[in-house]
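Asks: What TrEMBL records for this protein is below:
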COMPBIAS  360-370  compositional bias 'Acidic residues'
REGION    355-391  region 'Disordered'
TRANSMEM  37-62  transmembrane segment
TRANSMEM  196-216  transmembrane segment
TRANSMEM  223-242  transmembrane segment
TRANSMEM  279-300  transmembrane segment
TRANSMEM  320-341  transmembrane segment
Amino acid sequence: MTFRVDCLLTTAGLPLFLVDIVLDVLAAVEFYKEGSYLCLGVLLVLLIGSSVLVQLYSWLWYSYDQFEMKTRVEESAKPGLGVLHWVQLGIYVRHVAVMETSVKSCRSDCDSQEEDTAAFLNQDLSMLRIIETFSESAPQIVLMLTVLLQDGSLEPFQVLKTIGSLSAVAYCVTTYHRCLRSFLPEKKEQSILSSLVFFTWNLLLLAARIVALALFASVFPCFIFTHFICSWLLFCYFAWWADTHFMDTVGGEWLYRATVGLIWYFDWFNVVDGKTRNWATLYHCWILLDVSVLCGLWFWKMSWDPPDFELSRRQAAVVWGAVVAGYALGLVLRIVYYTCFHPKLNKDELRGGSAKMQADEVDSPPDDDGGPVMFRSAPRTPTGPSRPPLCNKRMKKLAENFYSSSADGAEV
């Protein structure tokens, strides 16, 4: 049941994706009419750069899978798949393919192979949406919020719109997390309450981080680029030092590490195997310090060079404290989540145990009393146990990092 809900949630992303494109075009037109050519240029760089990055990942993953198409939609688009990616339309093939498999998986007579295919495509698309979110949506929110702060036109409607945009980013992270859950036994399915807690602490952390960046950019617009480049290079170095192994080629792996550096600029993303508590603690301490410094510099600038709109020193101090407190509250809820809601599994449980156990699991359902378990994303196909189950190896690596590390008392 949870699997089908996840597929439907991802399917709903296509119309939202199209609406987002329309809003992006309207924002670009608005900047052009106002003569804000610098903001227009930054927006176009974000839109084009993010689109190229997502299409590149999509093409690389198709090539890693030997262009083995799993749906009728993909099979029909296969002759022109390269052209579609060149014209930035390849991602739509994946969206429509997920819609096709989601509809099939909701039928009462759906077989395990169709569920395998739906899970496989859903996992890839969720990862692509994470990349798109942190390469376009999050930076775009910073840009829009910066413009509003500089103009001093922060109306209630605009505040609600910003909250909605931040919620969309946190929602994307939550759906990605639910996709990783598809590698767990059914008894470890994520409840609604668990998803709400996960969404809430991600929203608080993301909102505090993005607001701090926007506050700093509103008073030091040139230095925000320096801040990003220096932070990104530092995060890329740590991604290289972590020795990630997500992509199948050397060039692809360096692209992945650069992307991880971009994601880390906004939010934590686990990429290493084993214990990660020290990594997560170091990261969040650094970001909390960075948020405090960015807001502190904004407060200092507001104190000696106040803007045209009315903002007292006391109000600026309240904003500074609220942003830092919001991030701290998000960390508290994060600890609550990993203490009370996050599944703690060892690698044998996550990977299904030894090869013999995995072979036995083909005909053995999960046992609530600790019996053998099997990945829900890779059940036995209708052709029998001799055919290997369809499993998304890319996302399985991330799931192993995400869940097995918590068994060692590590937060991820």
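Just so you know, glycine gets a Cβ as well, placed from its N, Cα and C.
Give me the structural setting of these features: burial, nearby parts and distances.
Replies: Residues 191, 193-194, 197-198, 200-205, 207-209, 211-212, 215, 284, 287-288, 291-292, 295-296, 298-299, 406, 411-412 of the same chain lie 6+ residues outside the transmembrane segment (320-341) yet bring a C-beta within less than 8 angstroms of a C-beta in it.
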Asks: Could you tell me what the rest of the chain brings near the transmembrane segment (196-216), counting residues at least six beyond its ends with Cβ under 8 Å?
Replies: 138, 141-142, 145-146, 149, 163, 166-167, 169-171, 173-174, 177, 190, 223-224, 227, 266-267, 287, 290-291, 294-295, 297-298, 319, 323-324, 326-327, 329-331, 333-334, 336-337, 341
Asks: For the transmembrane segment (223-242), what are the same-chain contacts with Cβ under 8 Å, counting residues 6+ beyond its ends?
Replies: 146, 213, 216-217, 256-258, 260-262, 264-265, 271-272, 279, 290, 294
